[in-house]
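What TrEMBL records for 1-20 is signal peptide. As annotated by TrEMBL, Mn(2+) binding site applies to 144, 146, 180, 211, 413. Marked as domain 'Peptidase M20 dimerisation' by TrEMBL: 231-329.
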């Protein structure tokens with residue numbers, strides 16, 4: 001069985017040369033509500049940054065976000081939200097029913113977990129946390145910016161609650177654990193929250209998510225209609241041969257040679273069987289283990305890798321071909337193989353085209369040419385589990401400071417990952433304006 005419960009941790013990295021100003025219609029003019037929301041955002045900015053720094057200094061790994069979840073739940077209850085805790089282990093779901101008449105149910109999501117990374121950034125609020133992960137003690141760091149996501153959504157919750165009487169419809173907040181995956185603790189956060197009813201009672205009409213990215217300069221927003229991020233599926237291949245002395249390989253069956261043939265042949269799934277011009281794919285084998293001594297051909301060898309795809313049909317076909325190729329090669333070389341797929345893989349993240357078309361003018365009005373179209377990213381996210389239940393729109397918020405080339409900035413998941421906190425205001429304004437325009441808030 002595979003050791004990790006999730007297929008992939010989200011890197012939220014964009015192709016670093018693949019940004020361009022978004023085309024389309026001229027953005028609609030601002031309404032009075034937009035100025036009011038911007039003023040409110042400025043008022044809450046100090047608290048938002050303080051929340052972010054507190055969470056950054058006290059990071060928690062997936063399914064262990066007890067302190068963070070308690071902070072969030074207490075804040076939301078104080079604002080008058082209906083709050084459910086313990087959804088998907090440590091997740092928090094909160095509902096605010098507007099008093100401005102009928103309208104849509106708008107869901108907003110933020111992930112809360114940190115990474116098993118030792119921080120190397122010299123900050124007064126740098127993490128010194130340690131925890132057990134995979135049987136060893138590791139540093140813990142918000143190296144992917146989820147501290148920013150939580151702080152942004154806490155601030156948005158406060159601004160919206162203060163304008164409850166003017167809000168048509170309903171706001172649903174999803175504070176999610178374990179986006180980055182877990183070790184031996186079941187399914188990932190978004191999937192488990194959905195299974196435990198996070199997208200019911202009330203059912204959202206749309207769901208928005210964001211992710212900070214070092215690949216974009218501060219003050220910019222990146223998005224893409226349709227295919228935005230790849231799905232990720234993790235596989236393990238166990239090859240069984242027959243152990244023998246290295247001097248007499250004819251007396252055995254060499255699983256190292258079989259495994260090597262499998263590794264090279266699997267690349268044809270992408271290079272010869274996938275129309276990469278229409279839908280890119282990547283297959284990588286990252287682990288190849290076998291043998292204990294240089295003069296013994298071992299009994300078994302093990303491979304582990306990931307498959308990344310952009311469509312469900314492509315995903316199913318490629319997974320089938322990986323299994324077929326591994327089994328046929330092993331059989332043809334007198335060995336045996338067992339192929340195991342982690343059933344908690346991440347689906348491809350596909351932004352709803354209609355919702356993206358409705359949201360893009362909002363971002364253009366806010367950020368002008370700094371609202372950018374980006375190419376699909378091969379990194380992965382579990383936000384698609386929410387977007388399967390309602391039309392979804394996921395976008396990226398730049399956090400690399402002026403004077404720093406985003407192509408040279410420390411990427412997400414690096415121990416040197418650094419956030420320009422001015423990016424939090426961009427994320428907050430985007431969240432508030434998207435809600436206002438989606439609900440018709442006045």
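Glycine is no exception: its Cβ is also placed from the backbone N, Cα and C atoms.
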Predicted model, mean pLDDT over the domain 'Peptidase M20 dimerisation' (231-329):
97
Drop a 10 Å sphere on every Cβ of the binding-site residues 146, 211, 413 and tell me which sphere holds the fewest other Cβ atoms.
413
Residue 180 (Mn(2+) binding site) in three-state DSSP notation:
coil
For 144, 180, listed as binding-site residues, tell me which one has the smallest number of other Cβ atoms within 10 Å.
180
Using DSSP, what is the helix/strand/coil residue split across the domain 'Peptidase M20 dimerisation' (231-329)?
37 helix, 35 strand, 27 coil
What does DSSP assign residue 211 (Mn(2+) binding site), in three states?
strand
